[in-house]
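Have a look at the structure below before the remarks.
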Amino acid sequence: MIKKASLLTACSVTAFSAWAQDTSPDTLVVTANRFEQPRSTVLAPTTVVTRQDIDRWQSTSVNDVLRRLPGVDITQNGGSGQLSSIFIRGTNASHVLVLIDGVRLNLAGGSGSADLSQFPIALVQRVEYIRGPRSAVYGSDAIGGVVNIITTRDEPGTEISAGWGSNSYQNYDVSTQQQLGDKTRVTLLGDYAHTHGYDVVAYGNTGTQAQPDNDGFLSKTLYGALEHNFTDAWSGFVRGYGYDNRTNYDAYYSPGSPLVDTRKLYSQSWDAGLRYNGELIKSQLITSYSHSKDYNYDPHYGRYDSSATLDEMKQYTVQWANNIIIGHGNVGAGVDWQKQSTAPGTAYVKDGYDQRNTGIYLTGLQQVGDFTFEGAARSDDNSQFGRHGTWQTSAGWEFIEGYRFIASYGTSYKAPNLGQLYGFYGNPNLDPEKSKQWEGAFEGLTAGVNWRISGYRNDVSDLIDYDDHTLKYYNEGKARIKGVEATANFDTGPLTHTVSYDYVDARNAITDTPLLRRAKQQVKYQLDWQLYDFDWGITYQYLGTRYDKDYSSYPYQTVKMGGVSLWDLAVAYPVTSHLTVRGKIANLFDKDYETVYGYQTAGREYTLSGSYTF
């Protein structure tokens, strides 16, 4: 039986729970209920990725990190910097909540879904990823799951790194964390990344004119943070980061008109917070401001030509969260306030708009004998659609020591985005999209194998669809998603294995047709070992059958895209205790495949990098 100690101060002795790169059950996570708790006490499937994992995989983008995780489908209109989408457990890309240090990502242009091709991998120190509904804790968007990207660095020191690769890829990065006295810590980072890219082609999506050019990507990033401990219990921080990106892409072109095929994104975020960390009570107050300007233009005419577009959004956030240890668990409560302001012209909306949301929530976690109970409830008051309530509950039963059954149910929702509300085809009377989800799971530790098998169902109603007859958006769609997820990690001698299998049947509940761009089956496998001081890693991904639309002629036709097996090989060697060199071959067998119909992937790519720490 799990030891009857506080779930926030002692860790379970069993190897529960979710598939993760950091496989220790004592790993602390903050995303499940906003405060640190051992991962073994989180009943929802949870994955943790550390900076060490990212360096070992030699990932050059956030999408490359996320594609390795259970339940995740990544689609992208080509290579680095091109438009991308995240699908979790078959839900829409807009049904994934992305947080940066616990604060909702400012979605440039109010599109309603996160494009993480633009977020710099240099900022990512840790990723916490939770599958399933979480609107009862975070509000809108958290239907499929939550991805929390954490930028806080844990280890002091300085690192200088550089990398080069295929398609003229180059990356230079400098970061440092220094202690100023006993109570103050400063972190600084600068990063530059550039690739010439390749011609993504975009067959059928660019009009009648071919665009045989390289579609490259350039990103420049700055980051700074100051943390101070006032006492053993009280601490505060100020943090800011910004990035300046340029992306070339293939766009629709008509002869005689400008070719809008360049994107320029400016983004900056500033956070400040005060935390109290007592023995029984924890509290934090965080304020955040972010501002994004997203230009699309013809470089021959510039960003300020009449043919260019500008999506500009400012986001203001205040979060007050509290947690108290009670019995063998805890109770949490808090308030979120958010205001989003858009400039005229954003998302093709003539006027600028403000949207405000205030949410109050209550969470609870308690262990009673062999049972663990978790629950949450939340009420959101939105300036557009009024009040909306969500709730969720889970129970875990350790029926044999080291083996647990988990059952959960939750509701969640997605608020309509700016274009759906106020655009040329908008409908200001739209309601939120709603979801009801059930999940059952078994997990345990058998002969050194840490495993979990779960089945789930997700019914989504009031989906916002475009009506071709009325030329308006309406709440008229429904989706039914059923799936099975199996994960395991184990060691065999010097070899470390991490494997996952996903089966997802995601369908339009009205027409019974498959939802587009979701693989019905996926297999993901990571093998790591060390030999003669060389650290080796092999990554395998099977991406199953998917469906998409062919936009080359009207009416648009549904096309079937076959499955593909992809292999990556990575190796690292510590030349000295300070200097490490790394090399990687992605798509080892040069497979030709697409995740979005008509947009080519890069094929085989090579990277070589080195880092020096002191």
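Using the three backbone atoms N, Cα and C, a Cβ is placed for every residue, glycine included.
Listed in Swiss-Prot for this protein:
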{"type": "SIGNAL", "residues": "1-20", "note": "signal peptide"}
{"type": "DOMAIN", "residues": "38-152", "note": "domain 'TBDR plug'"}
{"type": "BINDING", "residues": "Asp213, Asp215, Tyr249, Asp250, Asp261", "note": "Ca(2+) 2 binding site"}
{"type": "TRANSMEM", "residues": "217-227", "note": "transmembrane segment"}
{"type": "TRANSMEM", "residues": "263-277", "note": "transmembrane segment"}
{"type": "TRANSMEM", "residues": "279-296", "note": "transmembrane segment"}
{"type": "TRANSMEM", "residues": "309-325", "note": "transmembrane segment"}
{"type": "TRANSMEM", "residues": "371-381", "note": "transmembrane segment"}
{"type": "TRANSMEM", "residues": "385-400", "note": "transmembrane segment"}
{"type": "TRANSMEM", "residues": "434-443", "note": "transmembrane segment"}
{"type": "TRANSMEM", "residues": "449-458", "note": "transmembrane segment"}
{"type": "TRANSMEM", "residues": "494-509", "note": "transmembrane segment"}
{"type": "TRANSMEM", "residues": "517-529", "note": "transmembrane segment"}
{"type": "TRANSMEM", "residues": "558-572", "note": "transmembrane segment"}
{"type": "TRANSMEM", "residues": "585-596", "note": "transmembrane segment"}
{"type": "MOTIF", "residues": "597-614", "note": "motif 'TonB C-terminal box'"}
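Tertiary neighbourhood of the transmembrane segment (279-296): same-chain residues 35, 102-103, 106, 108-109, 260, 262-273, 303, 308-325, selected by CB-CB distance under 8 Å and a gap of 6+ residues from either end.
The transmembrane segment (494-509) is not in contact with the transmembrane segment (449-458), judged by fewer than 3 CB-CB distances under 8 Å for residue pairs 6 or more apart in sequence.
Those residues of the chain, other than Asp213, Asp215, Tyr249, Asp250, Asp261, with a C-beta within 8 angstroms of the mean position of the Ca(2+) 2 site C-beta atoms are Asp199, Val200, Ala202, Gln211, Asn248, Ala251. Of the listed binding-site residues, namely Asp213, Asp215, Asp250, Asp261, the sparsest CB environment within 10 A is found at Asp213. Note on the domain 'TBDR plug' (38-152): its mean pLDDT in the predicted model is 95.
Through the fold, the motif 'TonB C-terminal box' (597-614) approaches residues 55, 58, 60, 76-79, 82, 157-167, 169, 171, 198-205, 548-552, 559, 561, 578-591 of its own chain, all at least 6 residues removed from its boundaries and within a Cβ separation under 8 Å. Residues of the same chain lying 6 or more positions beyond the ends of the transmembrane segment (585-596) and with a Cβ under 8 Å from any Cβ of it are 74-77, 517, 543, 546, 548, 561, 564-570, 602-607. Residues in the domain 'TBDR plug' (38-152) partition by DSSP class (helix H, G, I; strand E, B; coil) as 31 helix, 35 strand, 49 coil.
Secondary structure at Asp250 (Ca(2+) 2 binding site), taken from DSSP and collapsed to helix, strand or coil, is coil. Long-range neighbours of Tyr249 (Ca(2+) 2 binding site) (same chain, six or more residues apart, CB within less than 8 Å of its CB): Asn77, Gly78, Gln82, Leu83, Val200, Ala202, Asp215, Asp261, Thr262, Arg263.
Across the motif 'TonB C-terminal box' (597-614), the DSSP tally of helix, strand and coil residues reads 0 helix, 10 strand, 8 coil.
Packing against the transmembrane segment (449-458) from elsewhere in the chain are residues 15, 17-19, 23, 45, 89-91, 132, 143-144, 406, 435-443, 479-490: each is 6 or more residues past its ends and has a CB under 8 Å from a CB in it.
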